[in-house]
Amino acid sequence: MKNLISIILLILIFFNYSKFVKSKNCKIAVLLSGDFSDLGYNYQFNEARVKAESILKLSDFSLYYKNLDESEELSEASFKDAIAQGANLIVVASSGQTEMGLKYAKLYKDSDIYWIIKTSARPVDYLPKVAVLDFNTDRAHFTLGYFAGKMSKTGVVGFVSPGAYIASNGNAFYLGAKEARSNITFVTTFTGSWFNPEVAYKAAEMLISNGADFLGMSQDDMSVQKAVIDSGSLGLGVTGYPTRLIYGSANIGLSYITDWTDVFVKYASHVINDTWPDSDYYKTSLNPGGSLLFDEYSYLVPQSIRDLVNNEIEILKNDDFNPFRCNPMYIDLGYKLDVNGCISYNEFEKNQQVLKGDKYSKTISFGTYTIPIEFVDYSSSMKLGITITSSICIFLCIISIIIVLVFRTARIIKSASPAFLFLILMGCILIFIGCIIFSQSPNEGTCRARVWLLSIGYTIFLGSLLVKNWRIWLLFDNPKLKKRSITNWKLYPWVAGILAADVLILAFWQGLGNIRSESRIGIDSLTKYQYTNVCSSNDQGSIALYILLVFHGIKLLVACFISFKIKVVDIDEFNESKPIASSVYIITFCLFIVIPLMVSPQSVTSQVTTICVCAIVTTLISIILLFGSKFYKMITQGAALNQTFASSSKSSSFSQSLEKKKTGEEDDSESSEENGKKAIVVTQQSVLAHFSSDTEDDENETQQIDEEKDEQIAGSNEDIIQPEENIEENNVSVIQSKRLSNQLNGEVEIDSNNL
């Protein structure tokens, strides 16, 4: 009795002591290969962390580190940070971090830090605080291979894995498929990483192109299965997450699931209770508590196949049954089979060779897959659109040139100087050709040609427009009626001078700028496996380009000034101020769009599109403004309209009265005595504009002037009476009209003293 009481007291003392002894805190840190949002391998580990924290009501919040496979520096920094923040249960969930995990476990083996490290065998060093997590998915892969073999319509299945060091999973998948279909063909490739979605997807596409309709994988995300689903076949859930919840039962045939919650709770409890099992080893299995199980089938899977697969799963729950290790094909890899016809588990895990197949089935290994670097050109729609639009505009320019040449003697064309109209249209054609070249893929030739064509095209276009209207301004801005002889041949050197300045700047740009085509990656939303060509130059080339822009800007400003000055011209055929001003303003507006694009970082495709569209739109609108009204008047009023050049002022009526006088009609315009105006007698002479070719010689010109003088003498018998206030104004307008008409067409200048 006394002994019984003593035992009870000891038990009570023990439990009371345990209650008062403060338990250890457990702070979990999980190191992941990728992002926990992958709804796959990393998601399952992170979910187990969260659940364990909730179940155990841990006071210290746990930690997680993601994407550690991206760089060794990031991985090492994560280990250091976890230790610095007081984590005492560190879970290394990535095989890629196993070596570094063992390194830090060795460094801190005397510290109160415990480790769960994913690997297949105990480390060589004695590290009692390290629990090995042998994530053995061989049975799961064998089962999925069996399912794929039964479901395959092509008789070809495949496998994508990080590398040859993980060949065991692929061999298990192949042997499962061969168990289901003896003549199966197996194709495989490696990605070089557990987590590289781009490479995994492209590798899967490559296997699918070789006939595979079901693919297994050892990847931490679903990129491989996305490629399978995109090809129209059923994917397999191989990340540990019930992927039918993401892609739907119609797309996922079967998934295996991993649930690590029990593992986290188990080892965290050991840390809290200070009951850590030295050098522990945890291996996954299909048995209850083994962390592996299968999700439900897709409704597209026939019941007969479901029954066969379920049967196989039940057999595989026997840990002594290892069909993935027991096959004569291992002999071809240099292994010896034991009495049961199997290789050892260690040999199976460390094997880095793909099985070679037998007389019934074959295997094809494509080795490590690398994504070929892909050239990304400008979009075909953009190139086609700009090319077609520019070609149509070139056709319109050619038609306009033909019209100008055919109807060059028509008053409306002749008054605008056909030679300069021709130059303007040629400049526009160069601009449109430059736009076509600008939209093509850059190379050394196109990088130079597109700038040359656009710049020279605009120089000829604007230069001709500027010079021909500068002549109009000089002739009409002449209140003292000074004799000014400005023929086309006197204007051509000015156009040539402007063009020479442009060519000089372009030569400097090309000679010193090192203009070239370069291949670039990482621009325009390109992936690291894509590149495009862009035009490039050095600093001297950039300076020359800025000078070129300033040069064109000055031309625009001068053109704006001249278009403003010729607004006062009251003869419609010579007054092109409105279309010129509109053209210049539109070009200037677009220039304020193009310049910022050229000096600021923008999408290359956007730059090209904007520049080409602005060039086409401004040039086309300018053509319509400058030539549309002329052609319309020729169609509606005839080619020889406005024999005396219509004017909105008194000069026009005076010209008409003089013309009537010449044909025998008398002008009764006498000044009235009521106005007290002095009558002035004026000798009438012909003031009609006479047009002739610029190529006529001086003899013909002299003869024409003599004939005009004879007509003036013959008509001098009658006087024209005009009010004094009208005489000076009318004389100015008439003389300017006559002078401009003659000079536009190469005739000899007539002095105002002849009137």
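Using the three backbone atoms N, Cα and C, a Cβ is placed for every residue, glycine included.
Fair warning: this is a prediction, and the values are worked out from it, not measured in the lab.
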Answer with yes or no whether Swiss-Prot records ILE413 and VAL604 within the same membrane-side topological domain.
no
ASN16, ASN642 - residue that Swiss-Prot labels as N-linked glycosylation site:
ASN16
ASN273, ASN575 - residue that Swiss-Prot labels as N-linked glycosylation site:
ASN273
Record-annotated N-linked glycosylation site (source Swiss-Prot) among candidates ASN183, ASN731:
ASN183
For the transmembrane segment (386-406), give me same-chain residues lying six or more residues beyond its boundaries with a C-beta closer than 8 angstroms to one of its C-beta atoms, as numbers and ranges.
413, 418, 421-422, 425-426, 428-429, 432-433, 435-436, 438-439, 609, 612-613, 616, 619-620, 623, 627, 631
Do me a favour and check the Cα-Cα span between ASN273 (N-linked glycosylation site) and ASN183 (N-linked glycosylation site); whole Å is fine.
55
Test of understanding: give the count of other CB atoms lying within 10 angstroms of the CB of ASN183 (N-linked glycosylation site).
12
